[in-house]
Amino acid sequence: MRPSDDHGETSEFLPITRSRSVSAASQTSTDSSLSTESLFPGEQKPFPNVNGTMALADDDQYRDLEDGEVEQTEPFLASSKKAATGGGRARRIFWILVLLCLGGWLLAFALFLTGGRANYQTASDALQAHGADSALGSTSTSSGKPVTLQQVLAGQWNPRYHAIGWVAGPNNEDGLLVEKGGDEKQGYLRVDDIRSRKGNDTGRESRVLMWKPIVHVDGKAIVPSNVWPSPDLKKVLLISEQQKNWRHSFTGKYWVLDVDSQTAQPLDPSAPDGRVQLALWSPASDAVVFVRDNNLYLRRLSSDSVVVITKDGGENLFYGVPDWVYEEEVISGNSVTWWSNDAKYIAFFRTNETSVPEFPVQYYISRPSGKKPLPGLENYPDVREIKYPKPGAPNPVVDLQFYDVDKNEVFSVEVADDFADDDRIIIEVLWASEGKVLVRSTNRESDILKVYLIDTKSRTGKLVRSEDVAGLDGGWVEPSQSTRFIPADPNNGRPHDGYIDTVPYNGYDHLAYFSPLDSPNALMLTSGEWEVVDAPAAVDLQRGLVYFVGTREAPTQRHVYRVQLDGSNLKPLTDTSKPGYYDVSFSHGTGYALLTYKGPSIPWQAIIKTQGDEITYEDRIEDNAQLTKMVEAYALPTEIYQNVTVDGYTLQLVERRPPHFNPAKKYPVLFYLYGGPGSQTVDRKFTVDFQSYVASSLGYIVVTVDGRGTGFIGRKARCIVRGNLGFYEAHDQIATAKMWAAKSYVDETRMAIWGWSFGGFMTLKTLEQDAGQTFQYGMAVAPVTDWRFYDSIYTERYMHTPQHNPSGYDNSTITDMAALSESVRFLVMHGASDDNVHLQNTLVLIDKLDLSNVENYDLQFYPDSDHSIYFHNAHTMVYDRLSDWLVNAFNGEWHLIAKPVPDESMWERMKRSLPLLYP
């Protein structure tokens, strides 16, 4: 399960531009801390009891008629002749009375409308005055237009980022990068030397790999959607007609372009229209391994024929590509194929899904299967059967196999002390030298790690390291693919091969160096009450430097550091004197890097040159000038970063206050969360998202707190949630909300919480645990409601199997419908074709609500939408609904419809008001 990419960053190949000036964002950002020890709840003020009916006097003329009853009235016009002669005057009196009654009724109706809503302020208007709370920093003085939801959804607030493709030169030259998107004079696809861009004579000239963005094959125009140059830069692999499969996987038609002749041919000349799932260059640039119909093939460029590596792949057997659950929860990618460094071997997964149960996903509008229905069957939904293992059900059986390129032979290596087939998850494969490969595996519940060393030449293997993480701190092993091989170099003090891994150390995740490869003992490179992130980023083998990103300054920040390979002389490379959030991508030889500053001010990117302890800025390639202009023109919320202490744990929090915040007023508060294990929502990246829109345009306060279970606050706080998802996380949200409810500028009668995916689960779990005491409203999108319904690999990592932890699954399930009924109202939305968090979750919840006679909720489904809810304008609609629903909640509308009472029509009231009108 991954957080929804609601405000995803753009990352694209763009022509690199020269340096431009950049100004800081005008968002105000301050820091403070708050503890439960200083919490003094204020006087509780009950919400006005309004049910939407008009208070009427106990008078017969206003009572409702029983069914079939007719009121008796005297005739208005007498039958006598005397009465007839005075008809004109009587008519005038009649119409005067009618107009007076009608006017009185309209006045009463208007008073009802205004009076019934007088206690429900809209946005930040009509807020009650209270004393200011100045403990949390300054208020916003930014001016300008409010942020619009349309801007957020259209990505207008997304920073512009460049993804540079660093490549090694044919002779292992450093500082070369691939650029895509130039004009015909520059060439569409080029390899540039960063030194040449700065006018350095030592730089290589730019080399054009593709002159035009379109190539022709047998008279057919091929428009590639992505490109991959060969390591020797003499060929380019192209993909066209790309189609998405799952989150990371896709298929397409592949082509090989010759750089010198600018001509292309199909990857498989015998099947040019075949759809390929994966294609990877050989390190020797002389071959491409690819997957089609779940089988592996090898195309040597010296021949037009292809070599069949596997033959039995199909519906239940996958070779070289992951199945759904491995793609989503283990690899986070579309490839489980790895070339050895010398191009002599290929390692790949064989995934057997035969025993995995299927789950049907229905599509009512589209037909993603691509199959045309038979005549007469057009009105039936397209059904996609997914092999989806749920907790306790059979998992796919994954084996590591190898292919000897020269011998054209597939083989496996048996290893003693390996996990059983039904208890093995392979999380990483890393080639070393001389045909050796490191394999990291865990048991099914992901709390025992085993590292194996396999020798493909001798076809032997052994266990070299084992860690009982559950016994260490009750935690789990998070899958990652960041382990780095360190080759031996006696001249630089490395007599043996080794590798750098991330391991738990004194309660935090840190870098450890293992050498030789079969050593179980590590040299710790980092330590302290902070953590490394997806490390190492790069290793300078000549100078013995390890570069990495870490949270040493604060959990919400990311800075770039370097440390010697012996663990000494750790230093930051980025400016740590002020808050910052950086990312980095190093060149092949680590002499250069793309440094990306993501916040809190306006993001920028620069090419830097590394010189050991120092960095030199070579070229500013992006300063997001357009974003700077928008920041100056719009009123952004004030962001206040704080620490809160709950049960002795220090948690990270950000409060977004509306522009022109007035501490003398009372504001509604929306809590936003994700909260999944190891995740992080509170960080220092520049972000203008839905929460920013809520604060800027709607005038509400938005609070986000990363509770226990989230990442980068230490393993003690993270691992406590294992086996009981939702309990501590919800407790932390409620405890923090009580702190905010006690603040002088918060309207404690108007507090809501919302989230998507795991955040949707957390919204419902918080409402359930809170039972209306703190939060009155909630909005849950695509929520898990019972962890038995989610996939096995993710769930069992944090919950064990249902067989081992039945009570934990019972406790984490949304079951207390009476508690949910105590909130004023909540909203649930779900994509009907969600392949990740199945619609089953919401449907079972609705059944429980029905059985408990609970009606205080709204429900919305989106046909054919998956977990991201995008199909047919659904993404816009889901956020429109969130916005409107929230406004109605804080306006008090859901109180008005809580207990509906029939209301008389205007005509019926008029008739009883003037009984003489009707004989």
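Heads up, residue numbers simply count up from 1 along the chain you see.
Backbone N, Cα and C define each Cβ position, glycine as well.
Within the set ASN51, ASN200, Swiss-Prot records N-linked glycosylation site at ASN200. Annotated pair ASN811 (N-linked glycosylation site) and SER757 (active site, charge relay system), C-alpha to C-alpha distance, rounded: 19 Å. With respect to their backbone Cα atoms, HIS867 (active site, charge relay system) and ASP834 (active site, charge relay system) stand 5 Å from each other. If you measure from the Cα atom of ASN643 (N-linked glycosylation site) to that of ASN352 (N-linked glycosylation site), you get 47 Å.
Here the Cβ of HIS867 (active site, charge relay system) has 22 other Cβ atoms within 10 Å, regardless of which shown protein chain they belong to. Cα of ASP834 (active site, charge relay system) to Cα of SER757 (active site, charge relay system): a span of 11 Å.
Cβ crowding, taken as the number of other Cβ atoms within 10 Å, peaks at SER757 among the recorded positions ASN643, SER757. When the alpha carbons of ASN352 (N-linked glycosylation site) and SER757 (active site, charge relay system) are compared, the span between them is 28 angstrom. The average pLDDT the prediction assigns to the topological domain 'Cytoplasmic' (1-92) is 38. Counting Cβ atoms from all protein chains shown, ASN352 (N-linked glycosylation site) has 15 others lying within 10 Å of its own Cβ. Of the listed recorded positions, namely ASN811, ASP834, the sparsest CB environment within 10 A is found at ASN811. In the three-state DSSP assignment, the secondary structure recorded for SER757 (active site, charge relay system) is coil.
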